[in-house]
Structures are given as C-alpha cells and as structure tokens.
C-alpha cells in the first residue's frame, strides 16, 4: 500500500468516525457540519475531474452546483404546493423524490455544460477562466431576476426530499446517504482516471500536442470531462439544497466557484481524495476560526496565499509526496 | 513502382512578406528513408507543420496513402497513419513510458472513449504498446516515469509511440538532436531497421546519420528544394556544397 | 420618449466608461505581465473607501479623489511587490488562487477597518446639479463628468503607450520579457509601475462610482466580472479593444435593462412579462459575449494565436 493509499483510507474513515462520535455525544449540529463537508467534497470532486485531471480551470462550477440545487428546489416546491410544473403539452408534477431530483439536476447541468463548454473550450488559458466565470455569473443574475422561484430571496423547502427506506430528516441517515454518494463518486473518478478516457484526459492536461499526435482530439476529451464534472457538481448542489432546505442564487455566486477551486487546491490538485481533504480542512477552519472571529476569511486568505506560494501539492502533496503516474 | 505513400506537391506557405516554403514538392515511397536537410530557417519546420496539419498551406496539395489530406485536422492525419516525433521531445511527463505508448496505441484499438476498464489491464492495447517499447529496446524501462528518463530514452519513447499508432509513414523531426554520439549511433541502428515497417521522412542535422540512413535526400534552402536525389549525388552537387554543406564530405 | 432614450444612452456611456477604467488596468496587467488579477476589484473597492473616508473627514471630494488614486496605487504596488511578482511565471491556476486569497484579505481587512455598514459619498458641489444639454435634456453633471474623465483617460493611455518612453518600455515588455531586460529596462520596476498604474485606474473608477452607489465591501466583484466580459470581448491585452468593448457592454447592459421589460410588456400581457424581460436583460451582456466568441474566439481586437 502506498502512502497515498493509506492516507486516502484514513481520509475516507475520518469523516464517518467523526460523525459516529458526534452521534454518541448527541451533537446533531456536528453531524450536519460533517454532512456539509461531504457535500462540498462531492462538488469539488466533480470540479477536480475537470481542473485536476483535465487542467481545465473552470471558475464557473457554481452554476452547475446551483442548477442541481434549483432542480431539487423547483421540483420540491411544486410538490409542496400541489401545483404541476407544467400542464401542456404533457403534465409534469413536482416531486419530493431524490431519485428524481438527482438525474434531473444532473442532466440539466450536463446540458448547460455542453453549451458553456462548446463556447469556452474553443479557447484556453485565461480566456477559459474568464468565460466560465462570466457564464456562471449569467446564471446567477438570471436566478436573481427570475421571480417565479423566489428570485433574490431564494426558495425555502419545507421538507427534506425523500429517499426510499430512509428518514432523511434525521441527521445521521442523511449523512450516511451523502457519504455513500461521495465515496461512490470518488470511486467513479478513480475508475475514470485509470481508464482509457482518463489517460487521454491526463494527456490533454500534460501535453495536448502529444495527444493530437496519437490521433486523439483534445476538444472531445475535454468536453466529455467538463460535462461529467458538471453533473457531479450538480448532484452535490441537489444534496446541498436538501441539507439547508433552502435554495438561493448565492449557490451560483462567483464566490462559491472560487471556494470550490480552493477546496481542490487545499487538498491537492488532481488527487483523488484531495477534494475531501480540502473540504474537511475548509469546513473545520470555517467552524473553528469562525467561532473565534468574524473576520475568519482574512485568515483563510492568508492560509491560501501560503499554500499557493509554498505548498503547491496541498494537504495530500504535503503528506504523501508526488502524485503517481498519470 | 507503386504510388508513393506521401506526396506533397507545390506547397506554398508565406507569413506576410516572408515565403517560408516556396512551391515545395517531395514524395516518400514504401521502404525508404527520405531525409530532409537544410540550414536553420530554411523552412523545414514550416514544411513539416503543413504535412502534420498544424499549418494550412496557401497553395499546393498533400496526398497520404492515396487520399488528399486537405482540410483534415492534425489528429485525423494521425489516425490516417501519420506517425510523428517532435523536434523538442513532447511526451506526457507525468506518465510512465508505457502509458505514453498506450495512449498512442488507443486509436487503432477502439479509441479513447472507454470509461470502465483500467487502461493498463492485460489485453491487445497493452500488447501493442509493449511490443512497440520492445521494438525500440526500452521494455525494461516501461514503468519509469517519463520525467525520470534520460534524453535518449525519451527519444526512444517518442519513436515507440509513433510505432504504436500503426503508422503508414513516420515523420521524425530531428530525432538525434541533443543525443550523445553513442546514443545517436544506437538510434541510427534502430531507424535503419524501421524503414520496412514504415517509410520515414527524416528531418535531421546530424549529417553522419543522414548519409548513413537516407535512400534519398532533399535539400531545402530558403524555402526551396535546391537538390533532391541519392546521397552520393547530393554530396557531389555543387549548389548544395556552396549553399549548405560547405566542405563537408 | 426621445429624451428618455437619450438619457439611457448617456447612462450607458457613463457605465461603459467606468468599465473601461476597470478593464484598462486589467488588460494592461495581463498584456504586459501575463497575470490574471482577480483582486483588481479589491483595488476598486480600496479606491472607493479611500475617497469616501477622506472626503468624509475633509469635506473635499477632490482630496478624496487624490486619496483614492494614491491608496489604490499604493495597494497595487504593495501586492505586486510582495505576492504577485512571484506568480508571473506560474500557471493561471496559481494566479487565480493567490488573487482570490487577496480578495478575501482585502474584503475582510476593509470590513475590519470600516465595518459592514456602507459609506456614502456625495459628488462635489460644482458637479452636483444637472446640466441642460442641447435638445433640452437635463442630465446630471456628475455623470457627464465621468464620461469625460473616461475619455480623458482613454486618450491619455493611448498617448502614454504610443508616445512616451514608459510606453515604449511597456510595449517592449509585452513583446518579450528577456529582450526588454537585455535592452537595459529594469523589468521589476516597470512591472511595479504598470501594476500601480492599473491599480490607480481601478481606484479612480471606484471613487467615481462611489457617489452613484453606496461604498461597501464586495462592491468590486460585480464590476470585476463585467470587466472580464469586456476584455474577453475586446481581446485580452488590447487597450483599444477594452475601450470599445466597455462602451458596448455599458450600452447593451443599460439599454437592455431599460428596454427589454417594456418590450416584453408590449408583446405579451401576462403579469410576468416585465419579470421575464428583466431576467433576460441581466443575461444580455453575456449573450453578447457568447456571440462575439463564436465569431472571434480571441475577441474583437485580439491577436489570433
């Protein structure tokens, strides 16, 4: 077992262990906190696929996070009001079922990613960063000014959405559900990374000219990764809506896009468990430092500067050294 | 004689007022090594880029394996069987030698859009890649990270990758550049044997290697081919001697 | 109606000029140093706060304006020397992160000093009233002054880059870092100077806008993102592109917000028409950006790479 594998295992066990002790100590708030970390880790895991594996610095993943959130919010709000979402040409009813929210959000985000990707992947470098940021901002302003689903005020959900055989309103089952989804997503990314597609994607990041010489067009590879990445982040957004029982345009804000990048970097870019490490660290800092001072983000800024300037491998790079061959 | 594998006719490419290639024509036949030589700035790189598709010629045409290449992207040309190595070694630095070659073998073995099976799992893809590495004499270093390979070894990986593509022709851009004499000699021996697997268009500054390997030589000076022929003819050609070779052999 | 439209056009021009002041620095810094600076919006905020605080203390808007330029330039030079200089050779991801970190530091720093409540800034007395324009339109003198200021800066920048030694140096640095170093240009000083210049322009924009909006933490980010849209449309690194794109974005955004809700209300008579129009108007500049990208991926004045 390599050091990174051991570290990954420790990271995977840390969160459930924390939750178990919080459960014993009867601290439901801490379970919710851990759930928040797991959901952010899932969103960042999606981003990591594009950013870490594909080298695509998307500064607009909040859009996909928000699309996932609004999928849940909109479907659930219609179920709450007993009003159909749409009557013609055919009837669509709202629903409380996560198993419907998830695919709806993921497909919607995938379609948005197709459009954004088609425009932004024609460019590269700093253009890509700014264009993804700008399109996310477009969704943000749309959500703010679209009055039907709460506009600027957001959309409250009275109940957490349902999952078969589970009382999702209890913190522990909800955490368990989120955590299982997260581990499945990380496993999926690991499988992808080791697959043919993964090799091509890592290649598109490292030396695109070599990929071309191998007869593989980088655009298609990047586009595929961008879409899958958006879908995973949308899944996280859907869960995030259920966690807070609230959806608002702030889920799509540029600040959230920045935070997702921060999570990936704090943990270690392109490391399978980097987003989880980053999210745990970030939520811990937020909780601890946030309890000490209102200006905790000042210190997050300093920490982040230090990481960028001096510890470029992030937490996992620090503890497990250089990344394996990909 | 059968049709040439690669046939470039009347390639013109200019950048503003500078004519980089001025009506360049050349062919590459099965089983041969055709060397392209010329001083720096003669337009060799521009010519290569027109063949690989990185640049579009202003006029002229390129036929490859009996089909016109016009309008095809570089990756489509690679898929058509145009294997290449880069002037400055361009591999995937964070991958192993084997992963680099596997990547090149993918297109022939079903393409990159497979998401589930590990890419290095035993199977035809891996077999092709390992055979290519073996062919260039690098099987013992298959698992080494490219960043940790020597310069000469990276050159070998490049050629293995070009071979793994199942090429109809190889386009090697200064493969000897930066090699020590021993490495250059080893590479020369390797290329010597490759010409029957795929004909080679060889751009090279190492004249020892060129005159040892080439069946034909084209001399490119200031965007024009000033001489074309058997190495002995080129050696004797007064225009070439004056323009380029100086008092070399 | 004609007056209403003329007023909106002027508002659009004024907004466009502010965007130009923001984008000029951003695109200059990218063109010369290859750096993407998210903290440019923070410099805008620094300028606004410096102006509001100084004007509040001294009662003079003009002193505030000087303070805004000085504070933003100083803050810019400081972050260039301490942090950003180390990032020129790094990839864009590192630059994005470090400058994102700077945003957090600036925002919380300013919040710490000034608190979370917005400050208000009044225009100077001589520009407080309206001006009667030909055609009988009364238009705020202050907004007109912003348009003028933007025009002056645009001409000044064009002269600076085209006609002066500093401009020659900037163009040399843009063309080739090593060449410039070989010519005996002190690249480090040049970069600090360019960065401070860009920062001062952002600070100026912040101070000028501070009288139209409230001065508060986070005011820089929406403008920053629109400035990104501007330089993507104009072509990254091109001042001229930034100028025309800023006017385009300013006009499109202002006119869209004004006209689209009316237009939708005319076309359909449902109650949500105005809402749809407003939602669409907020997306309009991004749609323009997408359209430009489809036609010219490197922007209107960008070099094809």
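Each Cβ is built from the backbone N, Cα and C atoms, and glycine gets one as well.
Look at TrEMBL and you will find A:31-51 (among others) tagged as transmembrane segment.
Per TrEMBL, transmembrane segment is recorded for A:58-79 (among others).
Distant neighbours of the transmembrane segment (A:99-119): 60, 63-64, 67-72, 75-76, 131-132, 135, 139, 161, 163-164, 222-223, 226-235, 237-238; these residues of the same chain sit at least 6 beyond its ends, with a Cβ under 8 Å from one of its Cβ atoms. Among the features that TrEMBL reports, transmembrane segment is placed at A:99-119 (among others).
Summarising the annotation, TrEMBL assigns transmembrane segment to A:126-149 (among others).
As annotated by TrEMBL, transmembrane segment applies to A:174-199 (among others). Within its own chain, the transmembrane segment (A:174-199) has Cβ neighbours under 8 Å at 12, 15-16, 19, 31-32, 34-35, 38-39, 41-42, 45-46, 48-49, 53, 160, 163, 166, 168, 221, 224, 228, 232, 235, 239, 242-243, 272-273, 276, 326, counting only residues six or more beyond its boundaries.
Residues annotated as transmembrane segment in TrEMBL: A:211-240 (among others).
Marked as transmembrane segment by TrEMBL: A:260-284 (among others).
Annotated transmembrane segment per TrEMBL: A:296-320 (among others), in sequence order. Under 8 Å from some Cβ of the transmembrane segment (A:296-320) lie the Cβ atoms of residues 2-4, 7, 262, 265-269, 271, 273-274, 277-278, 281-282, 285-286, 289-290, all in the same chain and six or more residues away from its ends.
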Which listed range (A:126-149, A:211-240, A:260-284) shows the maximal number of Cβ pairs under 8 Å with respect to the transmembrane segment (A:31-51)? A:260-284
Short question: which residues 6 or more past the ends of the transmembrane segment (A:126-149) have a Cβ under 8 Å from it? 56-63, 66-67, 70, 73-74, 77, 112, 116, 119-120, 155, 247-249, 252-254, 257
